[in-house]
Amino acid sequence: MAQQQLTFTEVSALEILDSRGNPTLQVTVTTGDGGRYRAGVPSGASTGTREAVELRDGDPERYGGKGVTKAAAAVDGEIADALRGQRWTSLPDVDAALIDLDGTATKSRLGANALVGVSMAVARAFAGNGPLWQSLQPEGVLPRLPVPHFNVLNGGVHAPNDLDFQEFMIAPVGAPSLPEALRAGAAVYARLRALLAARGDATGLGDEGGFAPNIALPEDVLRLIVQAITEAGYEPGRDGVAIALDPASSEFSRDGSYHVAGEALSSDDMIARYEQMVTDFPVWSLEDGLAEGDWDGWAKLTTRLGDRVQLVGDDIFVTNPAIITAAVERRIGNSCLIKLNQIGTVTETLEAQRLCRDAGYTQMISHRSGETPDPFIADLAVATGTGQIKAGAPARGERVAKYNRLLEISAAAPDLPFGLAD
Ligand SMILES: C=C(OP(=O)(O)O)C(=O)O
Ligand SMILES: [Mg+2]
């Protein structure tokens, strides 16, 4: 990371709207040399219970309590006071000061939304006129253009349909380049829309830009997606376009059972169901297959399927270095989803990523279901060489902003390798 001295003359936040029409923060920092840097703060819907805590106003008269004027005031007040008027030599120093200032384990006093916005804007300030990805690159890590995981069909809490599984993603793992991967994603997405329309299914969109038809059985969706991949002219599977799932199962786990399409399933039933799915369909990655509290189930799932499929922890790991450390000790999962606002600073995110690298866990960089056009995660994915990103459908401005930023990076640095990390 670049080591230079920065001063901040302005640190401020504005309450803006995210892609769901909920308030979020846009943070601006101005440096002593006149540079201005911005960041937009994402926000999840299917959140893990151990995520860092957003500060929301709680005033039912404004945005049903979701306003972020208190978090904005924390940026304009306490945080600005702490950052202005001294020299900073690194992003980790700034992030450590933010964590100290907040003083809580969950960042709930000043708000993880306030802290992550400032941290992202300050990361941009340290990058200055250079590419953000270069400045974020950890020592010894080779940068890489990631395989985009396009969420083409939405359910769960991201769509008002009967589908319990939250995300069905297509991953052009076999594509030769990033532009070809984007072309494959757009082609399969278009083909899927045509297939749904021909069946008389709805082609309206969920929160992440995937279609949200009223299909209840995950296997029916998988069949349709394989058809769309084939009809778009691609080979279903790792040599062409593979499938990644994020059932987000914490959301349909209650009373000790998983509730899928009207059936109550045990943890063992779910594992058997997934085993059949990865046998019948080209599913290469499974995120949050079991609930965040079901660590014993996760251990069994990892033993049963860990050699065949990537098992990504999102709600269960929440980008938290301490939780990832505990999971690695128990060999829970083999991959981490990485979301900046789950932990609340860029530095802690990079630390979580280092732990994953050291443990041999793969990583997928992720957007949130509530997004702004900020493409920060595209640079983070390239910088940390994860080889994987998920940023929603290959449609809708706030989603394609990330993919388009990857295209820009790829055009400016044509020697960067593309694809899954080795
Ligand atoms: C992106 C996701 O959704 P959310 O932002 O709602 O947590 C996810 O669960 O991976
Ligand atoms: Mg998830």
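Placed from the backbone N, Cα and C atoms, the Cβ positions cover glycine too.
Together with Glu287, Asp314, the Mg(2+) site in TrEMBL holds one more listed residue from Asp246, Asp255, Asp268, which is Asp246. (2R)-2-phosphoglycerate binding, as stated in TrEMBL, involves Lys339, Arg368, Ser369, Lys390; the candidate among Gln134, Gln137, Gln166 given for that site is Gln166. Other than Asp246, Glu287, Asp314, the residues of this chain whose Cβ falls within 8 Å of the Cβ centroid of the Mg(2+) site are, in sequence order, Gln166, Glu167, Leu245, Pro247, Ala248, Leu286, Asp288, Val312, Gly313, Asp315, Leu337, Ser366. A Cβ distance below 6 Å to any atom of ligand 1 is met, among the recorded positions Glu208, Asp246, Lys339, Arg368, Ser369, by Asp246, Arg368, Ser369.
By the rule that a residue counts when its Cβ sits under 6 Å from some atom of ligand 2, the recorded positions His158, Gln166, Glu208, Glu287, Ser366, Arg368 yield Glu287.
The DSSP breakdown of the domain 'Enolase N-terminal' (8-136) into helical (H, G, I), extended (E, B) and coil residues amounts to 51 helix, 27 strand, 51 coil. Surrounding the centroid of the Cβ atoms of His158, Glu167, Glu287, Asp314, Ser366, His367, Arg368, Ser369, Lys390, where the record places substrate, the chain contributes additional residues within 8 Å, namely Gly44, Ser46, Asn151, Gln166, Glu208, Asp246, Ala248, Leu337, Lys339, Gly392. With respect to Gln166 ((2R)-2-phosphoglycerate binding site), the closest of these recorded positions in Cα terms is His158, chosen from His158, Glu208, Lys339, Lys390.
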